[in-house]
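Enquirer: Sharing the feature lines straight out of TrEMBL:
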- 69-129: DNA-binding region (DNA_BIND)
- 344-354: compositional bias 'Acidic residues' (COMPBIAS)
- 67-128: domain 'Homeobox' (DOMAIN)
- 337-376: region 'Disordered' (REGION)
- 39-56: transmembrane segment (TRANSMEM)
- 140-160: transmembrane segment (TRANSMEM)
- 210-229: transmembrane segment (TRANSMEM)
- 264-284: transmembrane segment (TRANSMEM)
- 304-324: transmembrane segment (TRANSMEM)
Amino acid sequence: MFQTLYSYFWWERLWLPENLTWADLEDRDGRVYAKASDLYITLPLAFLFLVVRHLFETYVATPLAGLLNVKEKVRLKATPNAVLEKFYAATTKHPKQADVEMLSKKSGCTVRQVERWFRRRRNQDRPSLLKKFREASWRFTFYLIAFIAGMAVIVDKPWFYDLREVWKGYPIQSMLPSQYWYYMIELSFYWSLLFSIASDVKRKDFKEQIIHHVATIILISFSWFANYIRAGTLIMALHDSSDYLLESAKMFNYAGWRNTCNNIFIVFAAVFIITRLVILPFWIMHCTVVYPLDLYPAFFGYYFFNFMMVVLQSLHIFWAYLIIRMAQKFITGKVVEDERSDREETDNSEEEEEVAKNGPLSNGHPILNNNHRKTD
């Protein structure tokens with residue numbers, strides 16, 4: 001049965017245009033072609049990336065955070081309470097009003113104390129500023145190096161300037177060593193992101209991130225199997241061109257460098273929109289949808305590759321919407337947080353009531369008003 005499934009999966013009509021077979025892509029006369037077995041190395045490389053990432057975050061990102069004065073917010077811890085903790089862990093982190101009243105009776109706390117307990121408990125589970133900074137530093141470093149390496153791989157190739165060259169002689173296109181390593185490193189990195197996504201900072205677009213990583217892995221792998229390597233290198237370099245800008249903006253945001261963060265983010269937004277909403281659909285996707293039909297009839301691989309491109313493009317539109325919303329707030333001077341992040345919760349409702357009675361509070365205690373002039 002396994003052999004039957006294997007034969008169906010590697011049926012040539014799925015992966016190659018008609019009248020071509022895998023025998024046409026066997027190494028000969030010094031020409032080397034992409035093989036599915038090449039991708040086995042990406043899994044151990046992905047785990048190697050996780051090790052390198054741990055070392056980088058420990059010995060590079062953490063000291064850098066100290067130099068940039070990345071400061072943690074002081075979080076008030078929830079008082080240990082077995083009843084509330086059990087409900088928090090087993091039922092929901094966001095109880096409804098009826099649940100709050102029920103828990104108030106069971107725990108012996110007031111309704112206000114239960115609400116405050118859940119706010120503080122949720123804050124305890126939120127990732128620290130240092131964790132966010134370390135993750136952003138790692139991704140910034142990889143994306144910047146990958147973009148520079150990707151440009152070095154493709155900038156001297158004729159298909160970088162003339163997209164019709166992408167399909168010249170397809171699929172009998174030999175692979176270069178630089179293309180091999182570019183593919184292996186990019187695919188290994190996205191495997192590592194998928195492996196670590198459960199422990200990384202979770203944002204509101206968590207599901208979209210999973211879809212993006214899976215779609216990217218499938219697209220890179222398929223383009224390797226079907227020898228779409230020229231198109232694949234262009235697509236990977238295009239994506240890396242804006243990602244490092246976003247990660248650098250995050251780093252400066254966590255460090256409190258608001259103006260630098262704002263300026264970089266505006267540049268990122270412009271590059272993202274130009275590359276993902278203009279160049280990708282109107283140049284690259286036009287290249288992968290239209291030009292191949294001049295050379296051979298459409299086949300399953302053609303449809304599958306372009307379907308995955310549409311999935312990625314849909315995610316780009318979704319993220320562009322969030323980016324434009326944030327850019328508008330930056331331009332208008334409003335305080336901006338990452339649209340994809342959960343906001344830190346505070347005990348404002350209680351503090352406002354106490355302020356009305358006793359004046360400003362610091363950690364639940366009244367503080368002196370230090371706004372007087374020295375001459376007062």
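Cβ from N, Cα, C; glycine included.
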Enquirer: With helix taken as DSSP H, G or I, strand as E or B and everything else coil, how many residues of the DNA-binding region (69-129) land in each class?
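Expert: Split into helix, strand and coil, the DNA-binding region (69-129) gives 36 helix, 0 strand, 25 coil.
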Enquirer: Calculate the per-residue pLDDT averaged over the DNA-binding region (69-129) and state the result as an integer.
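Expert: It averages 83.
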Enquirer: Excluding the flanking five residues on each side, which residues at least 6 beyond the ends of the transmembrane segment (264-284) place their CB within less than 8 Å of a CB in that stretch?
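Expert: For the transmembrane segment (264-284), the far contacts come to 163, 231, 234-235, 238-239, 241-242, 245-246, 248-249, 252, 309, 313, 316-317, 319-320, 323-324, 326-327, 330-331.
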Enquirer: Using a Cβ cut-off under 8 Å, which residues of the same chain at least 6 positions beyond either end of the transmembrane segment (140-160) come close to it?
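Expert: Counting only partners 6 or more residues beyond its ends, the transmembrane segment (140-160) has Cβ contacts under 8 Å with 56, 166, 168, 176, 178-179, 182, 185-186, 189, 230, 233-234, 236-237, 240-241, 243-244, 247-248, 250-251.
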